[in-house]
Structure formats: structure tokens, C-alpha cells
Amino acid sequence: MKRCSILVLITILISGLNATSQVANRFFPEKNLTTTGIYYYPEHWNEDQWERDIKRIAGMGYEFVHLAEFAWFKMEPQEGKFEFAWLDKVVALCTKYNLKVLMCTPSATTPAWMRTNYPETFVMDGHYIRGEHGTRGLGSIVNPAYRGFVEKVVTEMAVRYGQNKNVIGWQLDNEPDAKPDYSPSSQEAFRQWLKNKYEKIEALNAAWGTAFWSQWYNDFSQVIIPNTTLVGWWGNNPHALLDFKRYSADTQAEFLDFQAAILRRHISKDQFVTTNYTAVSTGADPRRTKQLDFATYTAYPNGGSNNIGDLGFRLGNSSVILFAAEYYKSVGGVSGVMEIQPGPVNWGSYNPLLLPGTVRMWLYHTFAAGGKLASSYRFRQINYSAEQYHAGVIQTDGISPSAGGEEYIQFMKEIKELRKLYKPGASMPEKLAARSTAILWNLENYWTIDRQKQTSQWDTWNYPIKFLEIAKSFDAPVDLIPETADLSKYKFVIIPAYEMVDSALVKKWREYAANGGHLIITCRTATKDRMGHFWEAECAAPISGLIGAQVKATDMLSSNGKGDILMESTHYSWNNWADLLAPDKNTETLAVFDNQFYSGKAAVVKHKVGKGTVTYIGVDTDDAKLEADILKEIYTGAGATTENYPPGVFVYWRDGFYVAVNYSSENYTMNMTETANIIVGEKILKPGAVLVWSE
Ligand code: GAL
């Protein structure tokens, strides 16, 4: 307990001293548009091949090399004995070939001596079984011994490379994921976290509702981590589980901040500090970090899923980059892709060849969405071990570019051409600004809804993405924002299934609408307080005044159920979720249920609030047609024009360039103005193709 408090204290002190994180954009001069890099693991190859490889990396057009991510065993082969001569040599080779270095802290994979001598540094799973040496991400990030070792190796690296002019920045760890840890260290840290939050056990009992099933605690010492593995679904307290998610995410963020603070004691202020979250991150919450300059993401769109149309299995899931590229900007204002799939992977349900052009299209997608860097895992395909079958940009012979490698080369050439055409100071065209949209979303709502979905048809992760896709089909610029963000710069704010609220948040929404904003609130919003309790009032009570209606009841149908909704003269189908609404007298009903025993009841309502509007969509449909038509109506009603791009066709504007990508299986002909100047590609966008133009 004592050790843990000291750890917390040290971290607080360190973060206090280093609270000045940089303005992220300054690391990436606008005129460079995006900078490209590649993961290279010199420790995987014979030393006599290093120079050949690095020369090749430069020759292909890359600008930085990503190093040392999993190389702890080579930097500290024995406890306390550090060896950096090998890495110095690689860094020097990068300098020789004009390549920058992105250095990584190796905390995701620990050397064998750590598991042997300090087994407590590993996490425990839900059966209280210790993680074993041999894979990654199994360090118990709250364990003081593990923390101590991380501190030492990160310090050594920071001292050695922190002033190296060729090192542009640092990636912390690898794909932080807030893994549940049931080890004794974590049990202790969880209790400490709860004490900090609740102070008194009575407060915890109230928040967790422990009067139910005799879960009551007399003292914090009786509390253990809620364990779904052992107790099963029914025995689990959703409020305790929500706190465990919060604790795990807080701890993960604090672990990154801890590493960042160590680095900042030694590194130049010109080196950035970031990490690489997975595109779909349901555990780690990037917005909880305080010390990162910005966050990046890793994108593997194709794991053998069906996606859009016949060619979708080769083109990948179009929502991966779409979502991640916006979401990760909510830390530091900019983002980029740290890893992008360079070809078939080894872990998909099946791993098909990609349609020619796909890697380049993904790269353009990250660029289009504002990406400041585009890097790829990995340079050479490895000839041995767990990722043998995973493509690299270079094939197993060590010298020939793979299909993805060739596409990367092309992309880098084209970016260099675009840089020549870059004109500073371009501002977003009026037509686009008039559609500016924000989607409010946070992981806490994901956690609480996903725990109690109430229908297996509720797709928690993809639900907010549905609205992102609709807004993108209108060609709206969309930000994915936290609830603390300033809403006033957006014409439209979408609040999809935002389950947990408090009165201050609802007040902020009301003010936004009253000042002329257009709010779109959807089902499940405001049904719970921040602890996940229902209100001792009607359903969604805090927003009933705002939406001008009461949510009277909620229905769900089976997967082949046929719910019917009528809006003007058009019928829509639904079967996932339906709130039956009772509108107030000044509220307009936009759509009604047209079958079931409640036929005629309101499903979608619109309410004027001050100078703006609030629309409540009480239904979740699979095909999203109803939602899309409602949104179109709202945008048009507010004076914004909308495009009508088909699924998988995304168009962006950045730095004076329009960029379109096509994940669909059909050709798409872009409607362009007479003055449009095509820079890359053709007006007819084939599947997997890219079009860049200016106007
Ligand atoms: C990523 C990971 C990489 C590599 C890759 C394989 O999630 O960060 O290190 O394992 O997957 O697809």
C-alpha cells in the first residue's frame, strides 16, 4: 500500500513539473503535408545487412525509421547492464542516409530475466494465472518493480538519444490497451483508486448499489476486482465493472504519462512524445493522458472480413481509418497513422491478397483526414516466428518490394509532388464549413452500454460510426469530440446514445441549441447518471425538456422482426431499438411507428430551442436509411447543401487539396466543377482508387 502511494506521489510530482506539453502541430511543418516512415527491427537481422537495409529504406523514399520498439532484451540483456552500441550504430546509419529516427520505449516486451527473477511484474488473468514470458503487453503496469525497470531503461534511452538532432520523437510502449489485471499489485492499486474516488466505503456502497445480493462492503479492504471470469454475467455488478474499466484506463494513461515524464527530463523540446493506439481501442482511453504531444493509431483494415460489395474482402473495412483518423485528433489536435497494414496479415480469419492499389488508398485516406505522419509495420517480412506470414514492404528475400511496398513508393513520390503544389493559408471552402459537424462520443458510454446492451442486435462500437458515415456521405467535415470541447464552432452536433450525463452537460447542450446550433440526439441518451444508475424519474428525464418529448417505453424486435416507420409518405424498417415518444405540444413529430400495437406513436421528434433545433431519433435501424434521411432534412433545413456519396466513397478537403478514396466494389464518377484541376488519379474512381484535385 505504502509503495503504491509513493508511486502515485512521485507520478503526481513528475507530472506537475512537466505539464507543459508542446503544441503538437509545431512538430510537423504544414508544407510537408505528411511525413512517411517504416518500422525496422535491426535485432531481427544480421548486422552485416543493416546498412543495405537502411540505404534501401532511404532509396524507397521513407523519411523516418521507427526503432527499438520490442528490443528491451538487446538494450538490457542482463538486469542493470545496458548495451546501446548496436543501436548507436543503427542510428548513425540512419543519419548517414538522411533518415530521421522515431525512437520507441520497449515496455511492451520484457527480457526473460524479468519473468524469471520478478514474476510479480506480470499481469494475472481472471483465473489469477500469471502471464508468461514470450509475448507482449503482459507487464503489470501498476507493479512497482516493473515500473522501476521501465524507469531505468527509459532513462538510459532518453539520456542517450534525447539530444540527438536526428531523433524526431518517441513512441511510448506498443498499442496500449488497458488490459484487465487481477494480480495482487493491481488489486491493491484498484482499492487505492477507489479510496481516492470515494473516500468513504458508504459512498462506494451507494455508487455500486451493493445492497443488491448482499454485495455490501464494511471496509475497502474487502473489495476485490469484479471478476466476470469467475462470477459469470449475472453475478456482476455493472457499476463495479464500470469503475474497473475506469481504473484500468486511468492506470494505462498514467503509465504513459509516467514514461513521458521520464523522457521529458532528458529530451530536447524538439522531440515529440506519442504512442500508437489501436484504431479500435475499447479499453485504453487516449483522452485520459496528459503528457502526450499527440496520439497516433495503428490501422489494419483488412482481416478477411466481407466489407462493401464483392471486392470488399480485398479492400478492407472502410470504417477503420474513417473513425481513428478523427478520434485520435482529440489528443493534441493532430494525429497520424503509426502502423498501416502493408499487405496480407497473419491473424485475419483468412488473409487474402489486397486489391492492387489498396495500401495506397489507405495511405491517402489517412492523409486526406489530416494525418501528419504515415508509417507502416514493417520493413522486411520476417522469415521466422509468430508473424512469419505477415507482409512487409520488403519480401522474405530481404530486397524485393512487395506489392504494398511498391504502392508505398508511389505514395511517397506523389506526396513529394503535392508538397510542391502546397499553398500556405488555404481556408476551408464555405460550402464545407456550412456542414461542419461534431459527434460527441466517449468510451465510458461504450463501456456501460456494451455491458448491458439489452438486445444482442445493438452494435455498440459501430453505432456512433453509423452517424460518422452518414455525415461523410454528405461530404461534411466531421470531428469526434469529447464532451468538454467547444461546441460553438459546429453547425451540427450529433449525440449518439450518450447514456451517462449530468445536469451541467445537458445545460451545455441546451445553450448550444439556444445559440443557433442544431443538435441531433439519439436513443439511449441521458438514461443514466454518471454511475450508471437510472434516474428516480421518467426515462431520460434530464433531456425531456430539451427534446420536447418523453421517452415512454422502449421496444426491441428479433433479428428478422419487421418494425415499420412512416415519415411523410416513406416507409422505413427497424428491428433493433425503438423509443416510444410522447411529444410536448410544441414539438413536431417527424416520423411515427406504423405497425405493432403502438402504431401511430412518435419515433422521431424535432423541437425548436432558442435560435436552434433539437431532433431526437428514438430508433436504431440496420440500414440507417431513416437516420440518413432525417439528418439530410436537418442539414438542408439549416441551409447546408449535402452531397450523396455512396457507402465507401469518402471525400476530404485538407490544405487546399480535395482527396477522394473508394472502398466500394463499384466505379464512382466524381462530380467536379469545370475549374477542377486533377492532380492524382482519374475522375472515374475505380475500387481502391484515389483522386486528388484542387479547385
Ligand atoms: C499490431 C502490432 C504490431 C504487429 C502487427 C501485426 O497490432 O502493433 O507490432 O504485431 O499488429 O499485424
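Backbone N, Cα and C atoms are what each Cβ position is placed from, and that goes for glycine too.
Residues Asn174, Trp347 are recorded by TrEMBL as substrate binders, and the candidate that the same record lists for that site, out of Arg136, Arg314, Arg380, is Arg136. Take Arg136, Asn174, Trp347, the residues named in the record as contacts for substrate: the widest Cα to Cα gap among them comes to 17 Å. When the alpha carbons of Asn174 (substrate binding site) and Glu339 (active site, nucleophile) are compared, the span between them is 11 angstrom. DSSP assigns Trp347 (substrate binding site) to coil in the three-state reduction, placing it in neither a helix nor a strand. The sparsest Cβ neighbourhood within 10 Å, among the listed recorded positions (Asn174, Glu175, Glu339, Trp347), is found at Trp347. In the three-state DSSP classification, Glu339 (active site, nucleophile) falls within a strand. The predicted model assigns the domain 'Glycoside hydrolase family 42 N-terminal' (40-418) a mean pLDDT of 97.
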